[in-house]
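Data first, discussion second: the structure below is written as structure tokens.
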């Protein structure tokens with residue numbers, strides 16, 4: 001019916017509210033909605049707010065129907081409303097009905113599967129908790145719930161801010177999915193700066209006793225602050241604007257001015273259409289988790305250029321351009337950009353973009369397309385998955401090292417555990433193979449010589465000379481015995497040979513090899 005209001009449902013969690021919440025719900029209305037979580041899970045519901053104008057729950061009430069039980073009816077303050085309801089099944093039907101009334105906010109509830117027993121509602125604030133560190137599960141659909149937040153991801157958020165809405169603002173979770181958040185309470189600061197991020201405005205805040213920050217994976221730093229990034233990356237565009245002022249001065253709104261770290265003009269396209277784009281070559285594949293944008297800037301007071309909405313394309317070497325799409329739909333995602341030319345707006349990519357090339361394609365703009373930006377993310381770390389045993393597991397590390405040169409950067413992979421093991425085995429096996437080959441070659445030479453001796457009726461005095469076949473004659477390892485046939489003696493004073501007796505008979509036929 002027309003009594004349903006805000007509603008976001010994902011496979012594992014969701015949020016529902018009556019129409020106009022937190023304003024007054026309509027007269028004579030009905031809202032009925034079936035919710036469910038995956039099979040084999042139990043359904044957990046938490047009622048964040050309930051304000052239904054009725055004394056006996058006759059014409060206005062809320063009920064929850066499961067396969068075997070009816071919870072409710074709930075209304076007004078006739079009976080205590082449970083904060084949490086755990087059902088035996090994985091699905092339920094929410095039924096809200098209203099009659100004639102004057103006031104009442106209606107209801108707001110959240111749900112999740114039994115995998116998330118630490119579920120909270122969209123209305124919980126950080127000052128509801130006393131622990132220094134804690135973790136909670138935020139349901140899907142908290143972005144558009146009424147309630148202020150103050151602060152930003154850098155300095156932290158005022159403790160009066162809504163927890164889940166702040167987590168979406170910080171880019172920790174996506175509104176469409178919800179997710180786990182880890183919070184740390186810290187001492188408050190004198191002022192909280194408000195910024196717009198992920199479609200949520202945060203407001204400037206005054207002094208507070210406490211503030212809170214979110215624990216993240218650390219992949220949210222500015223890529224342009226990396227050493228050598230600006231010189232290694234390249235920025236190109238479909239076109240750029242050349243402006244000549246009334247004094248005849250020429251201003252180039254070229255793509256290389258698009259970085260937020262570069263003061264002065266921004267990039268501006270020569271024409272304003274949906275076919276314009278700004279392309280960034282990062283030099284190597286990176287993990288991109290967010291983007292900050294602004295317009296023509298406060299320096300250029302004569303202009304008020306900025307991009308209102310935009311889409312993102314990305315690709316790698318020798319691949320086609322791909323469009324960044326929404327989490328729950330197969331349609332390209334349109335990001336909310338700037339509402340003025342000076343303020344910086346942040347948008348996070350959940351999931352992140354892993355690519356070398358990215359394109360920003362403006363969809364709507366004010367007066368003229370103009371853009372300054374900054375990309376956030378980190379270098380890609382490759383985890384060696386060839387060995388699953390714990391003894392091979394090592395902390396993931398960067399697999400690339402840069403060798404600085406004047407005009408380019410050469411990256412080489414760091415040898416993995418497998419490579420090191422292979423090198424060690426090679427170093428051991430190779431010498432053994434060489435020795436075996438030499439021994440075999442020497443044996444063949446000896447065999448050939450013995451056969452030649454036998455043909456001439458000669459004998460080396462071996463105990464097994466009468467046996468047939470040369471290999472039988474060399475079963476025992478060959479040993480050179482000391483003999484007077486080959487003697488070299490030296491005078492210690494002159495260090496010159498004094499005596500040299502050589503057996504010269506038949507030397508032309510065979511010279512015994514040294515083993």
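Placed from the backbone N, Cα and C atoms, the Cβ positions cover glycine too.
Some features that TrEMBL has for this protein:
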DOMAIN    4-114  domain 'CUB'
DISULFID  4-31  disulfide bond
DOMAIN    116-212  domain 'LCCL'
DOMAIN    219-378  domain 'F5/8 type C'
REGION    393-413  region 'Disordered'
COMPBIAS  393-402  compositional bias 'Polar residues'
TRANSMEM  428-450  transmembrane segment
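Just so you know, the Cβ of residue 31 (disulfide bond) picks up 24 other Cβ atoms within 10 Å once every protein chain is counted. Taken together, the residues in the domain 'LCCL' (116-212) have a mean pLDDT of 96 on the 0 to 100 scale.
Summarised by DSSP class, the composition of the domain 'CUB' (4-114) is 0 helix, 56 strand, 55 coil.
Helix, strand and coil counts from DSSP across the domain 'LCCL' (116-212) read 11 helix, 36 strand, 50 coil.
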